[in-house]
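Asks: Submitted below is the structure of interest, expressed as structure tokens.
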Amino acid sequence: MPNIVVVGAGVSGLTCAYLLSKQKENVITIIAKHMPGDYDIEYTSPIAGANLLPMSTEKNSSWERRTWKELRRLAVEVPETGIHLQKSRVYRREKDLDVLRKGGYNFDSLYLENPWYQSLFDDFRELSKEELPEGMASGCEFGSVCINVMLYLPWLVAQCRKNGVVLRRGVLKHISEASRRSHTGGKADVVINTTGLMASKLGGVMDQNVIPIRGQVVVVRNEAPYMLTKSGTDDADDEVCYVMTRAAGGGTVLGGTYSKGQWESQPDPNQAMRIMRRVVEMMPEITGGKGVEGFDIIRHAVGLRPYRNGGVRIEKEKIEDTWVVHNYGHAGWGYQGSYGCAQDVVTLVGEVLNRPKL
Ligand code: FAD
């Protein structure tokens with residue numbers, strides 16, 4: 001029986017453990033410093049919105065394409081996941097057109113004209129001129145999903161437990177320690193490294209290409225009629241504008257910021273005010289025309305997106321005498337790529353264990 005230890009209980013670790021646990025022969029332990037229910041600046045997953053707005057290039061779109069299929073199925077068929085379908089509007093500002101036509105920034109392909117993902121969503125359509133707010137050159141609309149991460153992460157834990165996965169707390173100094181942390185007492189055949197941003201500090205990995213992209217948000221009780229984002233803001237290069245209402249009373253997330261290399265864990269009140277103002281300008285109906293004062297705030301929050309120069313790392317590596325399969329560095333798309341990435345991890349584990357290809 002292959003012994004597998006997954007390090008990390010964010011969306012990446014839990015999705016990997018869940019998919020691996022569907023293969024009945026696998027014996028799986030999850031070891032993590034933080035678990036669903038915790039809030040900590042080293043733990044990104046509970047802070048995410050989270051929705052699916054494609055950011056990859058067409059060449060790298062396989063992770064998002066595969067994940068969209070599964071998240072849509074969960075939204076339609078499995079309400080207890082806390083995922084629902086919601087319309088999404090993506091606006092391209094007139095003043096960003098030059099940059100966008102040179103390849104875009106911030107959210108990569110999201111704002112491109114004629115994006116590859118128009119064929120992904122059945123209901124994708126370009127917005128008419130009459131539907132565009134002032135200053136927008138164009139925009140598109142499509143039905144996507146919004147995940148209430150407070151419900152979804154525990155749902156993943158529940159699926160893992162149902163399939164026999166054992167979860168334990170543990171703080172590793174070196175990735176090689178994981179091979180001795182199986183709940184069976186035996187040595188692990190494979191270790192899965194899903195430590196997110198902390199892959200930059202974990203012994204044996206110490207990936208200096210991994211840096212934070214700080215994201216500040218305001219969570220409010222007001223409901224948004226649709227999700228919204230636009231290609232830039234006038235406030236600063238690292239400030240962005242987006243809105244999404246989570247399923248099942250999860251609140252509405254107003255964003256945000258996108259500050260590369262910043263580790264600051266505390267919300268900045270000035271940024272919070274600008275976030276709310278930008279949203280009200282784009283969607284006055286969210287506060288019934290009452291402006292920023294009409295927001296009913298649940299909390300302010302900060303998360304650090306685990307960005308990796310060179311892109312996500314999904315590969316196998318022998319460290320000391322143990323095979324490690326890495327899956328970290330998902331920046332701002334960890335949920336929307338979660339199933340595609342975890343499927344690749346399952347394939348790599350199969351290679352390590354010399355299993356026939358699926
Ligand atoms: P994490 O969630 O950080 O989990 C890492 C795990 O590893 C934790 O359990 C931690 O305790 C454990 N760990 C680390 N080091 C050790 C160690 N040494 N020993 C033991 N355990 C260890 N993504 C989307 O797809 N859609 C969105 O709309 C979206 N919105 C976002 C908005 C904001 C403001 C932010 C900040 C992020 C957003 N993201 C979004 C990105 C998404 O949240 C991340 O990509 C994703 O959560 C990364 O998950 P992870 O499991 O890789 O890392």
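Start at 1 and count along the chain as shown; that gives each residue its number.
Each residue, glycine too, has its Cβ placed from N, Cα and C.
Sharing the features that TrEMBL gives for it:
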type: BINDING; residues: T44, S45, T195; note: FAD binding site
type: BINDING; residues: R305, G332; note: D-dopa binding site
type: DOMAIN; residues: 4-346; note: domain 'FAD dependent oxidoreductase'
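Where in this structure would I find these features, and how exposed are they?
Replies: Of all Cβ atoms in the shown protein chains, 26 besides its own fall within 10 Å of the Cβ of T44 (FAD binding site).
Taken residue by residue with DSSP, R305 (D-dopa binding site) is part of a strand. In this view, R305 (D-dopa binding site) is surrounded by 23 other Cβ atoms within 10 Å of its Cβ, with every protein chain counted.
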Asks: Counting distance between Cα atoms, which of the binding-site residues T44, S45, T195 is nearest R305 (D-dopa binding site)?
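Replies: Out of the listed candidates, the nearest Cα belongs to T44.
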Asks: Could you tell me the C-alpha distance between T195 (FAD binding site) and G332 (D-dopa binding site) in angstrom, no decimals?
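Replies: Between the alpha carbons of T195 (FAD binding site) and G332 (D-dopa binding site) there are 15 Å.
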Asks: For the recorded FAD site formed by T44, S45, T195, name the remaining residues of the chain with Cβ within 8 Å of the site's Cβ center, in chain order.
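Replies: Other same-chain residues near the FAD site: G8, G10, V11, S12, G13, H34, E42, Y43, T194, G196, L197, M198, P306, G334.
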